[in-house]
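As recorded in Swiss-Prot, the features of this protein are as follows:
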ACT_SITE  CYS598  active site, nucleophile
BINDING   CYS785, CYS788, CYS814, CYS817  Zn(2+) 1 binding site
BINDING   CYS796, CYS799, HIS822, HIS830  Zn(2+) 2 binding site
COMPBIAS  337-346  compositional bias 'Polar residues'
DOMAIN    153-198  domain 'CAP-Gly 1'
DOMAIN    489-532  domain 'CAP-Gly 3'
DOMAIN    589-947  domain 'USP'
REGION    106-590  region 'Interaction with TRIP'
REGION    313-349  region 'Disordered'
REGION    384-410  region 'Disordered'
REGION    391-466  region 'Interaction with TRAF2'
REGION    467-681  region 'Interaction with IKBKG/NEMO'
REGION    778-830  region 'B-box'
Amino acid sequence: MSSGLWSQEKVTSPYWEERIFYLLLQECSVTDKQTQKLLKVPKGSIGQNIQDRSVGLSRIPSAKGKKNQIGLKILEQPHAVLFVDEKDVVEINEKFTELLLAITNCEERFSLFKNRNRLSKGLQIDVGCPVKVQLRSGEEKFPGVVRFRGPLLAERTVSGIFFGVELLEEGRGQGFTDGVYQGKQLFQCDEDCGVFVALDKLELIEDDDTGLESDYAGPVDTMQVELPPLEINSRVSLKLGETIESGTVIFCDVLPGKESLGYFVGVDMDNPIGNWDGRFDGVQLCSFASVESTILLHINDIIPESVTQERRPPKLAFMSRGVGDKGSFSHNKPKATGSTSDPGTRNRSELFYTLNGSSVDSQPQSKSKNSWYIDEVAEDPAKSLTEIPPDFGHASPPLQPPSMNSLSSENRFHSLPFSLTKMPNTNGSISHSPLSLSVQSVMGELNNAPVQESPPLAVSSGNSHGLEVGSLAEVKENPPFYGVIRWIGQPPGLNEVLAGLELEDECAGCTDGTFRGTRYFTCALKKALFVKLKSCRPDSRFASLQPVSNQIERCNSLAFGGYLSEVVEENTPPKMEKEGFEIMIGKKKGIQGHYNSCYLDSTLFCLFAFSSVLDTVLLRPKEKNDVEYYSETQELLRTEIVNPLRIYGYVCATKIMKLRKILEKVEAASGFTSEEKDPEEFLNILFHHILRVEPLLKIRSAGQKVQDCYFYQIFMEKNEKVGVPTIQQLLECSFINSNLKFAEAPSCLIIQMPRFGKDFKLFKKIFPSLELNITDLLEDTPRQCRICGGLAMYECRECYDDPDISAGKIKQFCKTCNAQVHLHPKRLNHKYNPVSLPKDLPDWDWRHGCIPCQKMELFAVLCIETSHYVAFVKYGKDDSAWLFFDSMADRDGGQNGFNIPQVTPCPEVGEYLKMSLDDLHSLDSRRIQGCARRLLCDAYMCMYQSPTMSLYK
């Protein structure tokens, strides 16, 4: 978007003589001429039109000589004036402007703007109107009554309209005001029973909700464009020799490079006549041309059938090139029921698979008026659409649904006239959209074998758009196809997952639910379309109507009936080696993820799947100072999460949701049931606030008091000389630079990697040391001299980076070696300190070289990539005994489906951990095989345990 921006001290009056407002349709990047700073004006921002450009401003030439620019003063940025192309804005009236300005999030504002019906209803909401209020995202709406409507602060020329609502019934006490805003009483209600909200948080309660049709969020540009002389889907005839042949128009437009010749028409013939493949001069003009039955002729050679009615563009439908209102043509034989889609040139597509039968029936068939059938299931996205009155829109009243033997015996059905854009012909039928056998080359010859009634096993997982069986779907063609998904699966011989859609309207070339001779579902003839699942999108017309289930309340034993896990009362140590491997490995193993729970799933799996170092947390009896829900939390962790995980290798998401709800009881916590969190947040709330776990780490800094904590975050500056650091190096360097020591040897050491947030990593790869020697990091512990191996008496932090003496290692020396080392001229000014030793250190220990080492073993690594946490755990002694866990590895169903956790072996990790640091540094991360790349490149926390402090040893 081309634009210019100025800073103005004061906007003079000629700008505001006429109040015309525009909303930006895309983001604009502009430069402030005074500060030279780049500012972003987001999509959804609102500006007031500048009528007089001569006052204090100079016109900025448009890029590449573009004209028709509009000058705007952005209302949210009072000193910002910019010029934008006309195509990048849409005019809105002042009343809409006031409603939208109250929504501070421009993205949400733009979303509401597209929902014209809801925006229009906002004008009707006034004092006394009953409404529902959305207080928090994802939660239920509370009933209320509007007590105030207007601006909260009338400081600007145009102010946003807010609504003061008194909450009723279950909403009482959930608000935040008694009607006072910034000391001014705008309405009166009880304390905490009122809220001030913008329109996006309100829903008008109506006795009769008949506004479904206009809830379709159409485009902002509704300008009419010239239509071609013949309408797509219209019936035509042509004379071939002595006979008249009929067909359906599938293309009508000028040819590229031959515009002067006028319109050409592509006709899908009723009989196998023609040889046009949809191309002209190598350009694909039509995706539905069949070389067996399609012909391309000049429009003068085409005989249109009688005109039955004047066609108008569908309300709020997207208009494409070649769309208009020249009139439609119909054939005298009965037409198939279907929707009047926007005609126009179809883009090339490989979405559609050939079905069976000819593209147009050879025998005329009487068609019933269209009905749509939707499974009545608890969480069907279309559930709210099933009570639409029969006279909705332009569709004819629905007939009785077909006999139940043609439908699934497992469901009950509702009849629903579905299409928002159907326009009936004079005979009551609906014009249809042909789908010819245009892609036989994709599928090969059709199988004409008898229909099989036992299709291959359906694939239950949806796609990235949350689509599943029962979802309202749209196939983005020109015009689009709309329907409901009846089947998802992978037919034999295909590598693609297909979706079987029952279209809302009949379409030439479609079936009654069969594909390649196999029946996958049952529907009316010419309504079954099979497409690639990835080519489907949620039906955009009903984006604002599809209810989003409350994922918190949905996570219960009823909804998750097929995924429930056991309760185990008996205390269970972790199973190791082969036994543990066999229990834990496979799909539907580990902890099931649900609704942003991966941070919690992976952390719990790391801590308890194959380690007992923290099992004391599960066993400590309740004390008088514990929170009231201490026992509930501990029992839940022990019997419903840890023990079942160790015995059966699986924990259901409902158990984790119980824990998440408990976490939210803590005053310092919020969002644990729904938001993305970090493992350290979870550990702090669980260990410190609820279970009051004894701090895992006791650390002292330079003789100060001991500090307690549960994990240690490594802070350090990046050393360019270090390619791939080890955890040993990082921990020692961090301790030396901060002058820290462990006051006690920890039984469990959780180390957070040096990174900032979820994205920025200090090192591209980190080597997770399998063994951590913390001897030199402990207070009151005998340590070896770095030179002779004797008992160290002094430590010198300044010698740490000295390349001449074991570079990158902590330097402690005996009395003799310390004197020798510091005789060197470059070390003369070093300040070394005495090593603190235990008072009762046996004299013979160090003299006989028996200075003990304190070592810890790596037992788990928590990793993060693109905000998703996964876990690596070690289940045995062997170097290759590694497992990889992902709580959301697979998906069963769409938005209201279920995540399938998975635990997989990853023995390749052991091979990479045997490599030298130099080899790892030179290794391209993209060439690291299997899961090992995530372990080496995405480590977030490394967890170590003392081999001598396990509870069950």
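Even glycines carry a Cβ here, placed using N, Cα and C.
Each of ARG786, ILE787, GLY789, GLY790, ALA792, PHE813, LYS815, THR816, ASN818 belongs to the same chain as CYS785, CYS788, CYS814, CYS817, is absent from that list, and has a C-beta within 8 angstroms of the C-beta centroid marking the Zn(2+) 1 site. In the shown protein chains, 21 other C-beta atoms lie within 10 A of the C-beta of CYS817 (Zn(2+) 1 binding site).
Within 8 Å of the centroid of the Cβ atoms of CYS796, CYS799, HIS822, HIS830, where the record puts Zn(2+) 2, the same chain has further Cβ atoms from GLU798, ASP802, LYS811, ASN818, VAL821, ARG827, LYS831, TYR832.
Spacing of CYS785 (Zn(2+) 1 binding site) relative to CYS796 (Zn(2+) 2 binding site) is 12 Å (Cα to Cα, whole number). Here the recorded positions are CYS598, CYS785, CYS796, and the one with the most other Cβ atoms within 10 Å of its Cβ is CYS598.
Taking the binding-site residues HIS822, HIS830 in turn, the residue surrounded by the fewest other Cβ atoms inside 10 Å of its Cβ turns out to be HIS830.
All chains included, 13 other C-beta atoms sit within 10 angstroms of the C-beta of CYS788 (Zn(2+) 1 binding site). Spacing of CYS814 (Zn(2+) 1 binding site) relative to CYS796 (Zn(2+) 2 binding site) is 11 Å (Cα to Cα, whole number). With CYS796 (Zn(2+) 2 binding site) as the anchor, the candidate recorded positions are CYS598, CYS788, CYS817, and the one with the nearest CA is CYS817. Mean pLDDT for the domain 'CAP-Gly 3' (489-532) in the predicted structure: 84. Proximity of CYS799 (Zn(2+) 2 binding site) to non-local residues of its own chain (separation of 6 or more, Cβ distance below 8 Å) is seen for ILE805, LYS811, VAL821, ARG827, HIS830, TYR832, given in sequence order. It is 15 Å from the Cα atom of HIS822 (Zn(2+) 2 binding site) to that of CYS788 (Zn(2+) 1 binding site). Taking CA atoms as the reference points, CYS817 (Zn(2+) 1 binding site) and CYS598 (active site, nucleophile) are 52 Å apart.
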